[in-house]
Every structure is written in structure tokens, then in C-alpha cells.
Amino acid sequence: MTQRKYFGTDGIRGRVGDSPITPEFMLHLGWAAGQAFKRAGQRNSVLIGKDTRLSGYMFESALEAGLAAAGVDVKLLGPMPTPAIAYLTRTFRASAGIVISASHNPHHDNGIKFFSSAGTKLDDALEAEIERWLDQPIEVCEPEELGKASRVDDAPGRYVEFCKSTVPNEFTLDGMHLVLDCAHGATYHVAPKVFRELGAKVTVIGAEPDGLNINLNVGSTHLGALKQAVAEKKADLGIAFDGDGDRVLMVDRDGSEVDGDELLYILASQRQAEGRLNGGVVGTLMTNLGVELALREIGVEFERAKVGDRYVMERLLANNWLIGGEGSGHMVIRDCTTTGDGIVSALQVLLAVRKSGKTMGELRAGMSKLPQKMINVRVAERFDPLGRADIVEAMARAEASLGDAGRILLRASGTEPLIRVMAEGQSADDITRVVEELALVVERSTP
């Protein structure tokens with residue numbers, strides 16, 4: 001495959017004002033995408049949605065202009081969760097959906113992500129075609145062929161109804177008090193409606209976006225405010241989304257954090273008990289070994305994908321399985337959505353809790369997270385640690401010392417000059433010793 005110049009594993013992302021996250025580039029990207037979609041024989045319309053970053057207005061206008069110059073009609077959704085844009089792209093029968101967001105990053109970052117007409121990630125060939133057109137100068141189509149732009153005023157309502165449709169009609173949240181943390185992000189105006197309309201008493205924090213406060217000490221990457229609110233309100237559960245709404249983490253009534261690994265186990269184990277799992281479960285290289293061991297105990301197959309929801313989806317599709325996820329709170333539930341969806345994932349977990357007749361704490365007790373420790377070793381330049389004989393030998397010795405109940409992972413960061421050294425096992429002391437020894441070997445082996 002040709003090396004991509006702009007697209008990473010999850011679109012294009014960077015700091016606002018630094019190439020390629022500039023209005024000039026976004027204008028060109030809109031035009032290039034329009035050319036690629038038209039030549040792929042796709043429908044002549046594209047949806048654009050964004051999160052609540054101030055820079056989103058600027059990039060929305062630039063993309064709109066570029067697409068119109070290519071002769072493509074544009075529908076503007078305004079601030080909407082990333083999975084909502086995937087869903088609406090399908091229901092509007094659009095050529096593609098474009099998301100302007102940098103997910104859980106601070107406001108000074110932004111990015112672009114594309115969805116296909118089916119609401120899935122664009123295939124590699126189409127991304128390569130967009131990059132090919134980015135190398136060409138913009139040529140505006142004939143005046144009578146220019147694209148038109150319009151706003152979709154009922155986008156939030158459409159998505160709220162979709163979220164509710166993913167649970168049975170008889171399911172309600174009556175008698176439940178929830179605290180929602182919307183990260184001052186894209187879920188701020190839809191998530192409260194979903195849970196209130198299903199009968200919950202809802203307290204909301206992180207729902208006053210000002211363009212600069214997205215993810216700032218709130219949301220799934222900063223659970224402190226949610227813990228405090230759950231305690232103060234004596235709520236049953238806290239639910240935290242990230243800035244673009246494709247992740248979810250929870251806080252139990254006792255203030256304990258419920259991460260993506262535990263949510264994945266709760267969902268998978270309850271579906272297995274109901275006979276609705278339909279296969280195994282996909283995690284990632286970073287998924288806690290406790291998940292794998294607990295699922296094995298109840299007869300559920302488990303497979304690890306590379307880190308990233310795109311790779312989780314690839315393995316789910318390859319196996320024709322339904323459920324996968326990451327510790328960060330990205331969960332893919334294929335019989336509900338085409339991509340990770342924080343609100344839908346939260347509803348599915350709450351459905352599992354209600355159906356089980358147990359508390360969240362009782363369901364979590366089915367798995368024990370093993371002690372895990374990671375050290376990031378900074379290197380002059382990234383290299384494959386498994387290509388060094390001294391590192392491989394040290395890793396083999398460490399694995400032998402941990403036995404079957406332990407796991408070691410060495411991998412290069414995809415974005416920074418770091419080698420990540422991670423280990424899991426039964427003993428925290430043993431894990432710490434093993435990771436520190438391996439990190440020292442990696443440091444000495446650095447070129």
C-alpha cells in the first residue's frame with residue numbers, strides 16, 4: 001500500500017494553525033474529497049458535523065466551500081456526536097459524512113474523520129484517491145454545477161430517537177438517578193434527552209461548551225468531577241463521555257471507576273447468559289488480562305486486535321462477532337451501530353444491568369483486573385523492539401518468570417518516539433520488577 005501523507009488510522013488530526021490543520025488545507029480537502037466521491041460514482045451530497053471546538057466553525061466553512069467548488073451538495077448538522085454523523089450519513093443516503101473533531105484532545109487540537117455512505121470508516125482506496133486529488137490544484141466546476149449548502153435542523157431529534165431504538169420498547173430507566181458528564185462536548189444537547197426520555201432522573205455536568213473548555217477537567221479522561229457529583233447527589237451511577245461522544249466510562253454509586261475493560265466484560269457476560277453473544281469478543285493488545293481470563297471462565301472466546309477502534313472493527317468483521325472494545329471506553333456493538341457510540345454503549349450496559357437483576361458492583365465482581373504497569377521509554381527514534389535479540393531474550397526470561405498468569409507487551413508508539421513496556425500478572429511487586437528490568441534493557445538497546 002502507498003504510504004499515506006495525511007491520513008492516519010483515524011483520519012487527520014493536529015494542532016489548529018499547524019499544517020495540515022489550517023483553513024487552506026481544509027478548503028483543498030473538501031474539494032479533493034468531492035472529486036474522489038464523484039468519480040467513485042457515489043451520491044452527490046456530503047454531511048458535515050462537528051464537536052464544540054471554536055475552530056470547528058472555521059473548518060466547517062472551509063470544507064463546505066471546497067465541496068461546493070467540486071459540485072457537491074452539503075448538509076450541515078452543527079454540533080453532533082461522531083456516531084450521530086455516521087448514523088445520519090446512512091439515513092440521508094449521502095455520499096459520505098465528515099466529522100470535525102479531535103475527540104478527547106484539548107480545544108487547541110482539531111481533526112477530520114470521514115464516514116462512508118454505509119456509516120463505516122472509509123476504505124483505504126478511497127482515502128488514497130482523496131490524497132491523490134490533494135496533490136492537484138483546485139479547479140472550480142462550472143457555475144451552474146456548484147454545490148448547494150443547507151442546514152439540518154432536526155438532526156439532534158433524529159439521533160435521540162435512534163439511540164432509544166437500540167433498546168427494547170419495554171426498557172425504561174424509571175427510578176434511576178444518573179449523572180451525565182458531557183465533557184462540554186458534542187453530546188451536551190442530546191445525551192440528557194435520551195436518558196430523560198427513557199425515564200431516568202438526570203443530573204448533568206460538563207454541558208456548557210464555550211468553544212475552549214471541551215474535555216477541560218471533565219469527561220471520560222477526567223473523572224474527578226463526575227465522582228464528586230455522584231457522591232453529592234447520591235446518584236445510582238455516573239456516565240462520562242468524551243468530547244465527540246464515541247467513548248464512555250462510568251462511575252459506580254460508591255465512587256469507583258468502571259473502565260472500558262469492565263464495561264466490555266459486563267456486556268459480554270450478560271449477553272452470553274442470555275444466549276445473545278453470537279461468538280467471541282475482541283479487545284486490544286492493551287486490554288487487561290483479567291478480561292480474557294474471566295471470559296474464558298464462562299466459555300467466551302477472546303481475541304486481541306491492534307490498538308484502535310478501526311482494528312477492533314476489522315477483527316469483529318473477520319470473525320462475524322458482535323462486540324469489541326478498548327479500556328479507554330471505545331465499544332463497538334455491531335448489532336446496534338456501525339461505529340463506537342458512547343450513548344448507545346451506555347444504554348446497552350444499563351440494559352444488561354437491568355436484565356441481570358444485579359447491581360453494577362455485582363456484575364463487575366465477575367472479573368478481577370490483574371495488576372498492570374507500563375513504562376514509556378523515550379528513544380531517539382522509533383524502532384521495533386522485537387527486532388533486537390537482547391530485548392527478545394530479556395522478554396522471554398520475564399515471561400517465564402510470570403508463567404501462564406502473566407503477560408508482557410513491548411511496542412513502539414505510533415505517534416511519539418517511545419517504546420511502551422507493559423506487563424500484567426498476579427503480583428504487583430513482580431510486575432513492577434519485570435517492567436523496570438525490561439525498560440532498562442530497552443534503554444541500553446536504544447540506537
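A Cβ is built for glycine as well, from the same backbone N, Cα and C atoms used for every other residue.
Record features, source Swiss-Prot:
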- S103: phosphoserine (MOD_RES)
- S103: active site, phosphoserine intermediate (ACT_SITE)
- S103, D242, D244, D246: Mg(2+) binding site (BINDING)
Length of the line joining the Cα atoms of D246 (Mg(2+) binding site) and the residue listed as 'phosphoserine', in Å: 8
Alpha-carbon distance [D244 (Mg(2+) binding site); the residue listed as 'phosphoserine'] in Å: 5
Mg(2+) site, defined by S103, D242, D244, D246: further same-chain residues with Cβ within 8 Å of the Cβ centre: D51, P81, T82, S101, H104, G185, A186, F241, G243, G245, R247, G342
Long-range Cβ environment of D242 (Mg(2+) binding site), under 8 Å and at least 6 residues apart: S103, H104, A183, G185, N215, G219, S220, T221, G329, G342
Other CB atoms, at most 10 A from the CB of D244 (Mg(2+) binding site): 35
